[in-house]
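Engineer: Attaching a single structure in structure tokens format; questions to follow.
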Amino acid sequence: MAFRKENKIKNNFSKIRITLASPEEILENSFGEVLKPETINYRTYKPERDGLFCERIFGPVKDFECHCGKYKRIRYRGIVCDRCGVEVTEKKVRRERMGHIHLVVPVAHIWYFRSLPNKIGYLLGLPTKKLDAIIYYERYVVIQPGVAEGLSQLDLLSEEEYLDKLDEIERTHKGNQNLEDTNPDKFIAKIGAEAIYDLLCRVDLDSISYELRDRANTDGSQQRKTEALKRLQVVESFRASKGVNRPEWMVMKVIPVIPPDLRPLVPLDGGRFATSDLNDLYRRVIIRNNRLKRLIEIKAPEVILRNEKRMLQEAVDSLFDNSRKSSAVKSDNNRPLKSLSDSLKGKQGRFRQNLLGKRVDYSARSVIVVGPELKMHECGLPKDMAAELYKPFIIRKLIERGIVKTVKSAKKIVDRKEPVIWDILEYVMKGHPVLLNRAPTLHRLGIQAFQPKLIEGKAIQLHPLSCTAFNADFDGDQMAVHLPLSNEAILEAQLLMLASHNILNPANGAPITVPSQDMVLGLYYITKLRPNTKGHGLIFYGPEEATIAYNEGKVDIHAPIKVYVEDYENGELVRRMVETSVGRLMVNEYVPKKVGYVNEVLGKKALRDIIGSVIKICGVATTAKFLDDIKNLGYYMAFKGGLSFNLADVLIPDEKDQLIQEGYTAVEQIMQDYSMGFITFNERYNQIIDTWTHINGRLSNVLIKQLSSDNDGFNSVFMMMDSGARGSKEQIRQLSGMRGLMAKPQKSGAEGGQIIENPILSNFKEGLSVLEYFISTHGARKGLADTALKTADAGYLTRRLVDVSHDVIITEEDCGTLRGLLTTELKQNEDVVASLYERILGRVSVHDIIHPTTGDIIVRAGEEIREQAAQIIEDSPIEAVEIRSVLTCESKKGVCAKCYGRNLATNRMVQRGEVVGVIAAQSIGEPGTQLTLRTFHVGGIASNVATENSLLSKYDGILEFEELRAVDVTDESHQVVVSRMTELRIADPNTGIILANHNIPYGAKLFFRQGDAVKKGDKIIEWDPFNAVIVSEVAGTLSFEGVVENVTFKMESDETTGLKEKIIIESKDKTMAPYARIIDENGEMLKNYSLPMGAHVVKDDGDTVKVGEILVKIPRSVGKAGDITGGLPRVTELFEARNPSNPAIVSEIDGEIGFGKLKRGNREITVTSKLGEEKKYLIPLSKQLLVQENDFVRAGTPLSDGAITPADILAIKGPTAVQEYIVNEVQDVYRLQGVKINDKHFEVIVRQMMRKVEIVDPGDTLFLEQQVVDKFEVMEENDRIWGKKVVIDAGDSQVLKAGQIVTARKLRDENSMLKRKDLKIVKVRDAKSATASQILQGITRAALQTKSFMSAASFQETTKVLNEAAICGKTDYLEGLKENVICGHLIPAGTGLRDYEKLVVMHRDDYEKATAERKSFLSVPTAEPAMEEAPSE
């Protein structure tokens, strides 16, 4: 009786390392060699001995029963049968025992010579083609030239050359082949993986490393330098693995065989078998290996052997990675077999299918229905479902109460649903919440805990206020129920996940459980006032009196009445008289007293604000009760009010016909202008679109006005829209105004959707004509198709965001940084997009904030800016506040609480362990689906905004201009602006506070001067919204250069007018560029303008021009449908840090513009700084220039049209600018959709994109040039060599060598020793630290380059990540969330924070007793022990 070894893996490991497996390790983990390709005997269904399923190697098929049946039952456990050699043990060992195959010849591992970068190739310095030739037995490679003439190491020989060489050497040096391999004279050349093995054995990593470093530092050729750096990275990874990895292990002599239960073979009926692909692949390897063994034994000729060896190499290749090969092994029905690599990769692979997403027990799913009578924290659970979910708990109670004796009989009782179990179930469910989840779970509110109530039926009941968070409706949605089992899980569900605790949305801190639809409608209806109804103007002593009057029918629910009510003012309770209505009194019965008296019409917005203030003032529990109360009131009143609508409620305004007539007249006028040749074709199109947009807008306004006055504002359709219950202005406009302009179907490849210039004049009430209907269908279908496509995109975006940020956890209270972000309010022209209050609320200030007028300290440095303080700052003249931000946080791991600020879901400062990274990713990803789904309903209506053409002052104030150049126009009072970057500010005359900022477009007419006072409503500037123009800055005669017909311009005669005009085209002759010059009487050139492509030249050669006259018009392409395409793709483009398709060329320095020569269709532009520095840029002629000669530009100004690339911003303006740019640009996309997301979420993601730096000069550190590393790693490495010395000349020292880095102390000791012996001392220089430049990575790159290889491998490119990690011998310290989920550990965040593991909770007395015992144990009689403070908690 022999016993076998047991090696169990502990589950409490804290780090995991991946390395190459050595042959010894594979053998150590193996339980025996697989010798035969047989699997199981098809008659007895028993595994064949020594085959792929052999019981002797892998363990018994049945629990505690050996193959031959000699030993059965558990009492023989651990015995190895003497007849069949099978160990008697449980059958689950077949899931963990490995076998192995001994290969007759070594085989190269496909991962290391087929994937890029080619590891074996880089180590040996061989290109992939040559490597393949050696491995697949086509060429011999010289391993040691020995005495052979004209050959060096790594030369390739064909078979003839090899044999000739052998003969030649045999002639010249007899017996050379009989020498030992170690003899340097012996000529050795080999073929196949064996040759590679020998070469790898001979590799000396250190010397290669020195040689390559030298080459990288000294080589002039950029290409050779890059090549050296690439090889160096592979060499350094082997060196970094500290001897754990040997290069020759990339060639395998032994192959592991994975346990049989992981590659099962299942008999189907009809005598056939379903098998895992791996079995086929293993069989091919074994068959070929055995055949090769036999061929070698019978001494077959070399040709046959070589063919068999090549086939073995290919068989092993396809076992490890079948998808890499061009000729993948196919199964019977022509599908490639799934190899080991394929079983890790992709959505169905091991990582994503089994390790990150497991199916769980104790779960159920069913359809949901509404449960209006539930409380906020409850849900209705069908009886049958509950009985099944809580089964073990019921069984336990049944046995405890003595109703049954055994578990089996208890089970039967539960399955039969005997009445006795229901009250036990009720008892068990108390205080045992369930988790409800609705797929897709886009943010953390997609899973919430509820206290279940037993209900009849088979559907789950859901509280109507939780719907928003789950994004659920009751049209057949299904939800899953999960049961938390352990006490810890139950506690967390109750304290953290209960629905009544999740009232605020983590994305923006606004309440998410806001009444919607019926509830809003009911509340709106009873709080709306209706004058001249029964009881209007009555005065009551108190709410009770008013309610009695209403119940007696003396006063109408909407009648405006006066009542004495209790109200809060500055925290004081006061009684005062308000004008209100009975309906509002009803609502106020439920509003907590501290909030005060709510006296307004309750729409959705108002309700959200009230709920927000209830949470702030009264806390969560009160809010939950308040929500339930107003929910009941809302439903009841919607039912009492009978608020449905009929066809007559959809009013069509009488002015419609007249407005449409006006539209037609205006369009006719435009057509006339066009046929007279006053305007171009594009202008005509733009103006027509504009006209109809205006008409539509006016019609909407008339319509809303009429609806709101219909029936005293109690028109049902209007009430639904106004309260925010259902429908929008857009939709009502289509019901009873006109459908308006529609987008044209897009030809594939054509530019964005044009707009059809004939609008749909009918509305849905009148009905559409056939043509109108047909035009509409396109939009409707496009909407649906877009939705389907973009949902997938949004999901993928969320996944990438989570992957890049999952390890951002709050790890400490304060990182102690002194840096911050300067925050101001965000304006677009005039409108405040985000106020200072919003942007600083809940953040931490870097410095003391002092009130500029009173000198009081509003907020101290390092304190949270609360609502009150933020309001004071907003009202004061302070324009910018420096706040702490994750972007500037200096924590090594994760971020600190101070830099993050307030947790938006709780309205308190964030706690340690909060997973802010995942919350940020979810907050950004969740509305992503809305960004895409917004093409809904309003089928493709061109939401075109009517363009404005002038700027009216909205304030009284003083004008200030920055960088203004303007010219006076003869005979006119206005000036024309000729500078590009002009800013106009309106300042308050008394305080000097800036009221408004505007950018002035080039070519605008300016009616005021610097320092003028303007009144509200004054027109300051006016411009042409449809054309960009070029304006003459001087008076003179016009002369054109390079304006040649059909080369640089073409005459286009208008189809309708026959008038001709010059349009500049892309020059066919690349040396010519069109210019307009202005010359004075003497023929001297005054000004030179370059003419961009597509410009319409208004003047002719030789015309006299006045100052400020328009020379050229460049039609702007207005009239593109504002579709969503900006939406998701733009967000992706920004987060991936991609360069836009036509990037702008940006000036890198401040300076003056000069035009240079033309080169190959590019115009050369120089920027010369005041210090004489000059930069040259080549700009394609097809691009429009945004600058003219002699303009002064600042660094970062675009010189040509197009979007600015983030990389340019980083290079020119630095990291802070690029971070702000990305955050603001992404915010713009979301704002356009009306989605509010707090800045800090974007900052977390951008922080992750900016973690890495690129080494510019490695100095004396371990880094390589161009290597991408973590910021903190560079700092650590620089600290390590700080103050150390590099040996230049070792002198007579025995210990030190040149190039070695030593500490000053060691050097001092060594030199003093040498001095004593009068020997030559060591010469040194200071060690140089590395310099690095910040880089910006897209989220995919950043996610693939995280420290954790497990996280990266489970994200994308699994095999590449794993094989690079294996070579470096990488260690994963399990710091992020994904790695821990994969290992089956608690995540190191929230309640799983590693610091909490060691906490012991005990009673105070026990604590004191324990410490006293410890003291007496430790105390030494002489010294008095120091007193230990007991914690105060």
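Glycine is no exception: its Cβ is also placed from the backbone N, Cα and C atoms.
Copied straight from Swiss-Prot:
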BINDING   Cys66, Cys68, Cys81, Cys84  Zn(2+) 1 binding site
BINDING   Asp473, Asp475, Asp477  Mg(2+) binding site
BINDING   Cys815, Cys889, Cys896, Cys899  Zn(2+) 2 binding site
Engineer: By CA-CA distance, flag whichever of Cys66, Cys84, Cys815, Cys889, Cys899 among the binding-site residues is nearest to Asp473 (Mg(2+) binding site).
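Structural biologist: Spatially nearest to Asp473 (Mg(2+) binding site) by Cα position is Cys899.
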Engineer: What is the separation, in Å, between the Cα atoms of Cys896 (Zn(2+) 2 binding site) and Cys84 (Zn(2+) 1 binding site)?
Structural biologist: 63
Engineer: Could you check the binding-site residues Cys68, Cys81, Cys84, Cys889, Cys899 and say which one's CB has the most other CB atoms within 10 Å?
Structural biologist: Cys899
Engineer: Round to a whole number and give the Cα-to-Cα distance in Å for the pair Cys889 (Zn(2+) 2 binding site) and Cys84 (Zn(2+) 1 binding site).
Structural biologist: 66
Engineer: Among all chains shown, work out which of the binding-site residues Cys66, Cys815, Cys896 has the most CB atoms within 10 A of its CB.
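Structural biologist: Answer returned by the neighbour count: Cys66.
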Engineer: Of all the binding-site residues given, Asp473, Asp475, Asp477, which residue's CB has the most CB neighbours within 10 A?
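Structural biologist: The largest 10 Å Cβ neighbour count belongs to Asp477.
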Engineer: Express the distance between the Cα positions of Cys815 (Zn(2+) 2 binding site) and Asp477 (Mg(2+) binding site) as a whole number of Å.
Structural biologist: 46
Engineer: Sort the binding-site residues Cys66, Cys68, Cys81, Cys84, Cys899 by C-alpha distance from Asp477 (Mg(2+) binding site) and give me just the closest.
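Structural biologist: The smallest Cα gap between Asp477 (Mg(2+) binding site) and any of the binding-site residues is with Cys899.
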Engineer: Give the sequence-ordered set of same-chain residues, not counting Cys815, Cys889, Cys896, Cys899, with Cβ within 8 Å of the centre of the Cβ atoms defining the Zn(2+) 2 site.
Structural biologist: Glu812, Asp814, Thr817, Arg884, Val886, Thr888, Glu890, Ser891, Val895, Ala897, Lys898, Tyr900
Engineer: Taking the recorded Zn(2+) 1 site as Cys66, Cys68, Cys81, Cys84, identify the other residues of that chain whose CB atom sits within 8 Å of the mean position of the site's CB atoms, giving them in sequence order.
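Structural biologist: In sequence order, the nearby non-listed residues are Glu55, His67, Gly69, Lys70, Tyr71, Asp82, Arg83, Gly85, Val86.
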Engineer: If one measures from the C-alpha of Cys899 (Zn(2+) 2 binding site) to the C-alpha of Cys81 (Zn(2+) 1 binding site), what distance in angstrom results, rounded to a whole number?
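Structural biologist: Taking the Cα atoms only, Cys899 (Zn(2+) 2 binding site) lies 66 Å from Cys81 (Zn(2+) 1 binding site).
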Engineer: Does DSSP put Cys896 (Zn(2+) 2 binding site) in a helix, in a strand, or in coil?
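Structural biologist: Where Cys896 (Zn(2+) 2 binding site) sits, the three-state DSSP reduction gives strand.
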Engineer: Give me the Cα-Cα distance between Cys66 (Zn(2+) 1 binding site) and Asp475 (Mg(2+) binding site), rounded to a whole Å.
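Structural biologist: Roughly 57 Å, rounded to the nearest whole number.
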Engineer: Of the binding-site residues Cys68, Cys81, Cys84, which one has its Cα closest to the Cα of Asp475 (Mg(2+) binding site)?
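Structural biologist: Closest by Cα distance to Asp475 (Mg(2+) binding site) among the binding-site residues Cys68, Cys81, Cys84: Cys68.
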Engineer: When DSSP states are folded down to helix, strand and coil, where does Cys815 (Zn(2+) 2 binding site) land?
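Structural biologist: DSSP call for Cys815 (Zn(2+) 2 binding site): coil, neither helix nor strand.
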Engineer: Could you say whether, by DSSP, Cys889 (Zn(2+) 2 binding site) belongs to a helix, a strand or a coil region?
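Structural biologist: Assignment for Cys889 (Zn(2+) 2 binding site) reads coil.
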Engineer: Cβ within 8 angstroms of the Cβ centroid of Asp473, Asp475, Asp477: which residues besides those meet this for the Mg(2+) site?
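Structural biologist: Other same-chain residues near the Mg(2+) site: Ile368, Ala472, Phe474, Gly476.
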Engineer: Using DSSP and collapsing to three states, where does Cys84 (Zn(2+) 1 binding site) fall: helix, strand or coil?
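Structural biologist: Its secondary structure by DSSP: coil.
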